[in-house]
């Protein structure tokens, strides 16, 4: 591989790591990182990561933080530099955006605003979309998504089933 191709490949890789973020989002991520890099070392640790993510509007669980650090902290230093943080938050921002899209779709189904998608809601949407589905097929869809067994699909169940389909 020529030097030019190698340099171009490196630039493309760097671009895709934070691709899809606006300059404003990148700046927001940089500010959160800098705020918690109190000693100016260019790195933050696990505790600081949790606080920085909260500042960006996420509520990470302890297990999620541990997994994120393990995935990113390849040298085992227990710290994350800005590039690693940017990469991680780019993925998180994408998740946040797709979650918002999925919740918009949920609200289209939940026209009676109960916080759940009922058989009646699903039947109405299928009819509006011109889908010729039997009641049995519609009930199977509800049953597939319904994890708590209440006969309806709540936001979390809807989110989970939509993520499974890879549409979002």
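Cβ atoms are placed via backbone N, Cα and C, with glycine included.
Residues or ranges marked as Ca(2+) 1 binding site in Swiss-Prot (evidence: sequence analysis): 37, 39, 41, 43, 48. The Cβ of residue 37 (Ca(2+) 1 binding site) lies under 8 Å from the Cβ of 43, 44, 48, each on the same chain and at least six residues away in sequence.
Among the features that Swiss-Prot reports, Ca(2+) 2 binding site is placed at 73, 75, 77, 79, 84. Counting only residues at least six positions away in the same chain, no Cβ atom sits under 8 Å from the Cβ of residue 75 (Ca(2+) 2 binding site).
Sequence-distant contacts of residue 146 (Ca(2+) 3 binding site), defined as residues of its own chain at least six apart whose C-beta falls under 8 angstroms from its C-beta, comprise 152, 153, 157. The annotation Ca(2+) 3 binding site is assigned in Swiss-Prot to 146, 148, 150, 152, 157 on the grounds of sequence analysis.
Listed by sequence, the residues of this chain that lie at least six past the ends of the domain 'EF-hand 1' (24-59) yet keep a Cβ under 8 A from its Cβ atoms are 18, 65-66, 68-69, 77-82, 85-86, 89, 92-93, 96. The domain 'EF-hand 1' annotation in Swiss-Prot covers 24-59 and is backed by sequence analysis.
For the domain 'EF-hand 2' (60-95), the model's pLDDT averages out at 82. What Swiss-Prot lists as domain 'EF-hand 2' is 60-95.
Beyond its flanks by at least six residues, the domain 'EF-hand 3' (97-132) meets 138-139, 141-142, 150-155, 158-159, 162-163, 168 of its own chain at Cβ-Cβ distances under 8 Å. Summarising the annotation, Swiss-Prot assigns domain 'EF-hand 3' to 97-132 and lists sequence analysis as the type of evidence.
The annotation domain 'EF-hand 4' is assigned in Swiss-Prot to 133-168. Using a Cβ-Cβ cut-off under 8 Å and counting only residues 6 or more beyond its ends in the same chain, the domain 'EF-hand 4' (133-168) has close neighbours at 98-99, 101-103, 105-106, 109, 114-119, 122-123, 126.
Per Swiss-Prot, the feature region 'Disordered' maps to 1-25.
The Cβ of residue 148 (Ca(2+) 3 binding site) has 154, 157 as same-chain neighbours under 8 Å, each 6 or more residues away in sequence. Cβ-based neighbour count (10 Å, all protein chains) for residue 84 (Ca(2+) 2 binding site) stands at 21. Residue 41 (Ca(2+) 1 binding site) falls within neither a helix nor a strand when secondary structure is assigned with DSSP, and so counts as coil.
Here the Cβ of residue 41 (Ca(2+) 1 binding site) has 10 other Cβ atoms within 10 Å, regardless of which shown protein chain they belong to.
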